[in-house]
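Taken from Swiss-Prot as is:
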type     : residues : note
TOPO_DOM : 1-21     : topological domain 'Cytoplasmic'
TOPO_DOM : 43-54    : topological domain 'Periplasmic'
TOPO_DOM : 76-85    : topological domain 'Cytoplasmic'
TOPO_DOM : 129-147  : topological domain 'Cytoplasmic'
TOPO_DOM : 169-175  : topological domain 'Periplasmic'
TOPO_DOM : 197-215  : topological domain 'Cytoplasmic'
TOPO_DOM : 237-255  : topological domain 'Periplasmic'
TOPO_DOM : 277-281  : topological domain 'Cytoplasmic'
TOPO_DOM : 327-343  : topological domain 'Cytoplasmic'
TOPO_DOM : 388-396  : topological domain 'Cytoplasmic'
TRANSMEM : 22-42    : transmembrane segment
TRANSMEM : 55-75    : transmembrane segment
TRANSMEM : 86-106   : transmembrane segment
TRANSMEM : 108-128  : transmembrane segment
TRANSMEM : 148-168  : transmembrane segment
TRANSMEM : 176-196  : transmembrane segment
TRANSMEM : 216-236  : transmembrane segment
TRANSMEM : 256-276  : transmembrane segment
TRANSMEM : 282-302  : transmembrane segment
TRANSMEM : 306-326  : transmembrane segment
TRANSMEM : 344-364  : transmembrane segment
TRANSMEM : 367-387  : transmembrane segment
Amino acid sequence: MSEFIAENRGADAITRPNWSAVFSVAFCVACLIIVEFLPVSLLTPMAQDLGISEGVAGQSVTVTAFVAMFASLFITQTIQATDRRYVVILFAVLLTLSCLLVSFANSFSLLLIGRACLGLALGGFWAMSASLTMRLVPPRTVPKALSVIFGAVSIALVIAAPLGSFLGELIGWRNVFNAAAAMGVLCIFWIIKSLPSLPGEPSHQKQNTFRLLQRPGVMAGMIAIFMSFAGQFAFFTYIRPVYMNLAGFGVDGLTLVLLSFGIASFVGTSLSSFILKRSVKLALAGAPFVLALSALVLTLWGSDKIVATGVAIIWGLTFALIPVGWSTWITRSLADQAEKAGSIQVAVIQLANTCGAAIGGYALDNIGLTSPLMLSGTLMLLTALLVTAKVKMKKS
């Protein structure tokens with residue numbers, strides 16, 4: 001695809017950035033992220049309304065990640081010759097449809113169908129977002145355009161959980177998803193208005209992505225990515241029942257905790273470049289080790305609200321290093337195939353999200369309240385050990 005983008009640049013002779021299109025892509029990414037994480041803050045009322053356990057309701061996160069995993073791997077190959085403008089419009093339609101299906105769901109099955117639609121849009125859009133952005137601006141402006149995209153992601157991660165918790169208490173969880181559907185409609189119209197025609201990739205340029213896994217250290221890196229994100233979702237998906245039952249937070253208190261977590265994540269993302277300049281490998285090993293210790297502290301002393309709040313802030317600050325760190329690892333260690341490596345990374349992350357949420361939900365329902373924390377801490381510790389022992393890092 002990178003060669004195709006280069007050729008396309010030459011043919012189209014992009015001389016000025018299309019900022020309206022860039023911001024429309026950023027807005028769509030932000031909406032997808034917000035809707036992906038809404039169930040985290042609405043898990044309890046959703047479960048009560050549908051007559052299911054919180055662990056089962058958490059599988060609405062699982063199915064989204066599961067479908068997104070396959071979408072990220074295969075959708076760009078399936079739609080090679082299709083104009084990307086129409087594909088992005090389709091993703092925005094799927095986002096809107098997902099929100100409406102969830103808001104009107106009267107059964108767990110319909111809820112899962114709605115969340116599967118979101119997974120298709122999420123995985124496909126994430127797999128294409130960077131290459132889309134690169135085709136909307138001149139080469140010299142690509143870093144700035146990408147910063148807009150990832151800035152939107154950071155903002156979405158900050159506001160998604162606390163906004164969902166606050167609005168859920170105010171207007172009910174179904175109306176929260178109705179409001180998200182309205183955002184989806186805005187996405188559709190903005191994309192139609194601003195996104196130009198973007199021809200698809202010629203079929204003769206199709207290459208085997210999975211051969212990258214045969215390179216030294218790459219498989220170990222992908223396993224480490226899997227364990228770190230599975231550990232994150234095993235904990236974060238069930239943060240509401242854990243914090244409300246273990247630490248005794250009410251809805252208002254939980255909203256503040258989630259807001260603190262989101263702000264800490266934003267700060268961590270902002271500071272990550274300074275930390276990664278010193279040592280990427282140290283950051284990739286040190287961050288999950290700190291998270292493993294945090295999970296242990298929360299398991300032992302999480303009934304204290306101050307301790308629980310402190311752990312949430314430390315978790316947000318520390319985990320923010322992990323996605324940025326692994327992206328940096330790809331650009332350094334797999335620079336010649338960064339786009340394909342990024343596609344595998346997205347799929348691995350979505351698979352990890354699926355497994356983490358699924359196993360965490362099973363543990364919550366069948367083992368106990370702190371079991372998702374113990375699972376998360378164990379995975380984070382294993383990640384730190386694997387990175388230290390096996391992951392290779394090329395110097396910049």
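Note: Cβ is positioned from N, Cα and C throughout, glycine not excepted.
Scored by C-beta pairs under 8 angstroms, the transmembrane segment (55-75) has its highest count with 108-128, from the stretches 108-128, 176-196, 344-364. With Cβ pairs under 8 Å as the measure, the transmembrane segment (306-326) is packed most heavily against 216-236, out of 148-168, 176-196, 216-236, 344-364.
Here the transmembrane segment (282-302) sits against the transmembrane segment (367-387); at least 3 CB pairs are under 8 Å, leaving out pairs fewer than 6 apart in sequence. Using the rule of three or more Cβ pairs under 8 Å, pairs at least 6 apart in sequence, the transmembrane segment (22-42) is not in contact with the transmembrane segment (344-364). Here the topological domain 'Periplasmic' (237-255) is broken down by DSSP into helix, strand and coil counts: 13 helix, 0 strand, 6 coil. Here the topological domain 'Cytoplasmic' (76-85) has a mean pLDDT of 76 out of 100. Sequence-remote contacts of a segment are chain residues at least 6 beyond its ends whose Cβ falls under 8 Å from one of its Cβ atoms, and for the topological domain 'Periplasmic' (169-175) they are 42, 45-46, 49, 103-104, 251-252, 255.
If you look at the topological domain 'Cytoplasmic' (277-281), the same-chain residues 6 or more away from its ends with a CB under 8 A from one of its CBs are 325, 328-329, 332, 387-388, 391, 393.
Counting residues of the topological domain 'Cytoplasmic' (277-281) by DSSP class, helix then strand then coil, yields 4 helix, 0 strand, 1 coil.
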